[in-house]
């Protein structure tokens, strides 16, 4: 019966076996079944199924999952995806089981611990360089199905591919204002590159009009309703750890121009025409201005009349005007994309309105020297026409004739430096302005001035100090005054005072006897202490004195040597072979010390240039070689003492030849090479050895190893019987050193051993003085053909064996017994 009904339906009455097939059931419905046994007496009680049975196909484990693929590999993780089995076994998949096997191992190990239904999984925590293979199984209510086919072996390493960029746009793009535009393309790279959009080197940010869309393979920058400000150089950068690619596009968003810039200037106004000018638009709309359209209008009428539409200049003549009428001018700018809004001028009456400029105001005279003066004036009214020139004139106060100071035009500056004045003379100046109508009246004359340099006393000298002394003199030094008072410094006055006295004594009587910024004060008394001061002198007089800060005791000075090391001696020096070695130091001491350079305990190489000056010493070796390395010392010595400094110099060069190249273990197809490192590594770690071989019949060496860091190498793939030479060279970061070569050729043959003993030696005939012997070949020939057999005999009881002869065959008759 169906589980939701009470009525039972008979299935069969004649079943004699203990099983029956019930047909005609509906898939998905639940049924109860009951069975009763029957004999001739009648039917017994029914036995009923304890629970309902849902009719469906028999359930099995799922098929194997399909399309197991590796989607991403890094140095410590692998990402895999797969598709479900074609058949789920009649029951929903409850989970997937992912397993991995390290190559070289036998067993697969479960990767997923938790229940997993996703068909994508990233295996993490792997070891870089390990190689795994993976398989996945599906589980349903019955159990775990067959695993999928294994992936290929996967080695854990970062997938690296430099970025690629394929753009759909050209270098230049022109867009009308209000239109949308987009820049698209495709890219790739591993690891996944970072995509950056720039406009004029500034990062582009998304807003209401700007949209950026980036997928794993495509890029897109879109701008809606473009405006002029969207113009610029756009750059897309695709970058990952292996490099970057860039694409550029110059976008020009074009529009009609903005209006010409006003105001409209009436350069010329006459009774029948005018000349007007204006400035170009601030924004040409992204396209060159092709022309201007100029119109005029009589202010009494409403009609605008065309003047021209074919000018590209920013000036235009307006003809055919009526005298006395007022006019307005209207100007449009035009480019390929349209006509701008107009610029409209003020009203202007057509009449002649120009005259010569007015006279400037009285000029002012500045910066007078002995032969020049600067004349300054204000611009006068220009009479309606632009001023094109100013005329500056001069005259001596007592003279009557004015003279132009220059024939060159003076414009637009309103000041002029008048040259060529006579020192001590008194001058007046006046200025006239000129336009195209003519020259206006001159200004009133300036106030009279004398042509002479203004001079003041100088400031004191700077930082006087005692730089040296003896038992009866002191050397002074100072710097010039900061201000010379506009007069040449004639020289300096030096004064000194014994400590305790009030009176200052002059060391020199006149300033011109000390024109330099140093002086030696002599005639002093040994053991006394003195103060010193210095004054600067120009034509205006003496400056205030500048004092030496501390009193000076007069005695011979003795200072022990002092060395101030330059950077090239402060630490170990590394010089590449062929470059120049420079060692230098600043030397102090009184008297100046004696200078000695040494290398180790010996004199320095004759090729070294040694220079000693009053302040230091320098050693220079050009084209250095490795032998120039070592400990260099600099010694300075005077009566007050001595001082020595040392610096280690390493000349970096290619290494020397390897030592003790030896060939051993020779076989028919290989031999074993060993060597020792070079005595000299060139000052740098040996990075590798280069091993080469040469058939003695060939002229060419063949490299058999170029990256070995070991001091041995197995030379393989030799041809049996061929004679070979071998050589080895060491390399460091500065190059490859000379080769060490085997002294004699090595023949590629297997090593020979003595043959084994002959077998089964016995006699076949005996006579009274001779014996006939025979024997068999030995088991081993030692690697070479047997050339003969040595026969010896020994008298019974004797110690010595006697050689009889060597025979080539397997028998011999021994005679003479």
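Cβ from N, Cα, C; glycine included.
Counted with DSSP, the domain 'Fibronectin type-III' (1-58) comes out as 0 helix, 16 strand, 42 coil. What TrEMBL records for 1-58 (among others) is domain 'Fibronectin type-III'.
The average pLDDT for the domain 'Fibronectin type-III' (64-159) in the predicted structure is 86. Here TrEMBL flags 64-159 (among others) as domain 'Fibronectin type-III'.
Shown for the domain 'Ig-like' (163-252): DSSP residue counts in helix, strand and coil, namely 3 helix, 58 strand, 29 coil. According to TrEMBL, the domain 'Ig-like' annotation covers 163-252 (among others).
For 259-353 (among others), the entry in TrEMBL reads domain 'Fibronectin type-III'.
According to TrEMBL, the domain 'Fibronectin type-III' annotation covers 359-454 (among others).
Summarising the annotation, TrEMBL assigns domain 'Fibronectin type-III' to 460-557 (among others).
Sequence annotations record features per position, and here TrEMBL assigns domain 'Ig-like' to 561-646 (among others).
The domain 'Fibronectin type-III' annotation in TrEMBL covers 657-751 (among others).
Annotated domain 'Fibronectin type-III' per TrEMBL: 757-817 (among others), in sequence order.
A Cβ distance under 8 Å defines the sequence-distant neighbours of the region 'Disordered' (455-480), meaning residues of its chain 6+ beyond its ends; these are 486-487, 489, 492, 494, 496, 517-526, 530, 532-550, 552, 554-557, 590. TrEMBL lists 455-480 with the feature region 'Disordered'.
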Residue counts (helix, strand, coil, in that order) that DSSP gives for the domain 'Fibronectin type-III' (259-353): 0 helix, 50 strand, 45 coil
Contact check, the domain 'Ig-like' (561-646) vs the domain 'Fibronectin type-III' (657-751), 3+ Cβ pairs under 8 Å, seq sep 6+: yes
DSSP-derived helix, strand and coil totals, residue by residue, for the domain 'Fibronectin type-III' (359-454): 0 helix, 36 strand, 60 coil
